[in-house]
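Annotated features in TrEMBL:
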| type | residues | note |
| --- | --- | --- |
| TRANSMEM | 23-45 | transmembrane segment |
| TRANSMEM | 57-80 | transmembrane segment |
| TRANSMEM | 113-137 | transmembrane segment |
| TRANSMEM | 143-164 | transmembrane segment |
| TRANSMEM | 223-250 | transmembrane segment |
| TRANSMEM | 271-297 | transmembrane segment |
| TRANSMEM | 505-526 | transmembrane segment |
| TRANSMEM | 557-580 | transmembrane segment |
| TRANSMEM | 592-614 | transmembrane segment |
Amino acid sequence: MKTAVALGARLAFGTRGQRLRSLAVLGACALGTAFVLTVCGIAVDQLLDNTAFQRRAVVYFIAGANLIVALPVLALLTTVSRLSASVRDQRLANLRLLGMPAQQTRAVAATEVGVVSTVGTLLGGLVHALCVIAVPPAALAPWGAWVAVLLAVPAAGMIVAALPQRGSGSAALAQSRRSLPADPQWWRGLPLLVGLVLCWLARREISENPALHLPQAAVLATLFGGVATVGIGILLVVPVFTRLVAAVVLRHRRGPLATLLGRRLQDQPAAMTRVVTTLMVGLFAVMMATAVLSAFLSTPQYVAASDHVEREQLAEVSVTVAQAASTRARIASVAAVNEVSQFPIAALTWGDYDLGEGGTALIARCSQLTVDGRPLTPCTDTRANPVGEPWYGDGTAPSEADVQAWREDNTPTGSSARVRIDFGAASISPDAFRRAVGALEGQNVFVVSPDLPGVADLLPHSQVVLVAHGGPGDDLYDQLEAAGVRLDSYVDLENYRFVQGMQRLIWAVAVTVLSLGLLAFAVATIDRGIARQRELTALRLIGTPAPLLRWTQWLEALVPTALGSLLALGCGAYAGSTYLQVDRIAFPMRSAALLSATALTVSAVLALITVLGTSSRLDPEHIRTE
């Protein structure tokens, strides 16, 4: 066995071709290791310790993200480890003919790849550590991920390399006759069609019942069943899709370029089909994750927290009139506070306040409430102005309400004023009110002018809400609490951090899937071109121009990846937008367009690399053979 291991190590760097294959394996292992560890580090650092959601659900989400990343990594390792598979299998067969046992022959093949894959994996770990230093969002992966990756990546390469290239006798005969492989079974396209139809039915049912806040269980079952079936269809449809594209090219285009391209697509080997399938499944999953992310980005708690962190920090403190001056001075002394605003508040009731027939009155003139220097609208000083969609209980909406001053222990002082109220009038936007006031969010709020009869008399007895204004960031709450200020309002910063971490993770997964998936296809295409030198020589000998062959090679690499990526992203966008229709959320078309443009651009560049990586020079040996 020692002899077999030593022979495998020598074969890894024996000839120029073997050295190039070893460098390819080393690079693939390094890239795969670096991507997996970086994505895992981002996921664990950004999401695992977040308390916005249950830990078990977060662990499942992280595991799913790492599984999606593992697919293109495995495809790349499989492709690179099987470079020039027929040549390697012939060499191993020669060793068997010389008397080497089968077990030692497999050890030679595994060692040939295992040495360089181990070095590449260690190099990938170093690249990951450098990424952590250079890129702030990146974080060091946990030790468990290091152990798993350092063991799994070399093992996967060695297992693939040790497996001989198997094929049936009929397949070998077809290859020797240069005949086309059998057509794929057309039933493989049915799951995708069924899934898209189910999504269409769910969309139609939701759009025809806009008043329903939550669709019926049957509609939800149709929706999620359709999304799952589309995902299964993406997994199965690639052979049918490739053969369909080839048929369209051959039927509707004429000339040598179309004929060569169509025949090449029809003759695409199963290994390249599996690489395209992996790429499409990954892109579909990324697009669906983008849709789920949009649902999180549209929640009220995230919108409020995003406005707090990215535009202006706000903190609300409710005190009595007697405590207002001292509390305001304490708030103003905090370093993160730029300004402190003050508003009197009272209770506004039109029935039983304990039954919810009332709200909070913010006592201020409309001219005092401004958004970006402009007065808050629609607002009038002649009546109570509702914010948002106030609830007035069962029965007829009241036309008048009482403004009552309340003590700190929520007991009335006995002082009140009667004001007019109009629930049918246009109400103030909650978003505009939040930006103008920065307090009382989520409450049944009305803006009441102190100029209304009797309201000014309530001011000495009312409570006061103080609003601390700070710049963008997330440190205002901590500094106020450290100063001994008791806060009455908080935005959900944990939810904000979770969604931000999810966003970084999804884009990291997208970059990994797109780059490694397309790279694996490029490597497979180059290897396929090298193995097909006899065919290229025959075409050159009958007078086919070299530029025509290069154009064919470029399109042969571009068409499956570009059209496959667009199909996966399009199906993912349709399924994702169907999911978002449940809550009437707009689909992120900008993200979809960015992913599509990136996929097309990278596909074109890698297709060009495949042309450059395949020599167009005529080999004298191939000329004599042909």
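Cβ from N, Cα, C; glycine included.
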**Q.** Range from 23-45, 57-80, 143-164, 271-297, 557-580 with most C-beta pairs under 8 A to the transmembrane segment (113-137)
**A.** 23-45
Q.
Pairs 6 or more apart in sequence, C-beta under 8 angstroms, 3 or more of them: is that satisfied by the transmembrane segment (23-45) and the transmembrane segment (557-580)?
A. no
Q) What else in the chain is close to the transmembrane segment (223-250), if you only count residues 6 or more beyond its ends and a Cβ gap under 8 Å? A) 183-186, 188-202, 215, 258-259, 261-263, 265-266, 268, 273, 276-277, 280-281, 284-285, 288, 559-560, 563-564, 567-568, 571-572, 574-575, 578-579, 582
Q. For the transmembrane segment (592-614) and the transmembrane segment (143-164), does the number of C-beta pairs under 8 Å, pairs 6 or more apart in sequence, reach 3 or more?
A. no
Q | Remote residues contacting the transmembrane segment (271-297) - C-beta distance under 8 A, at least 6 residues beyond either end | A | 65, 68, 71-72, 74-75, 78-79, 82, 227, 230-231, 234-235, 238-239, 242, 499, 502-503, 506, 509-510, 513-514, 517-518, 520-521, 524-525, 528, 560-561, 564-565, 567-569, 571-573, 575-577, 579-580, 583, 585-588, 591-592, 595, 599
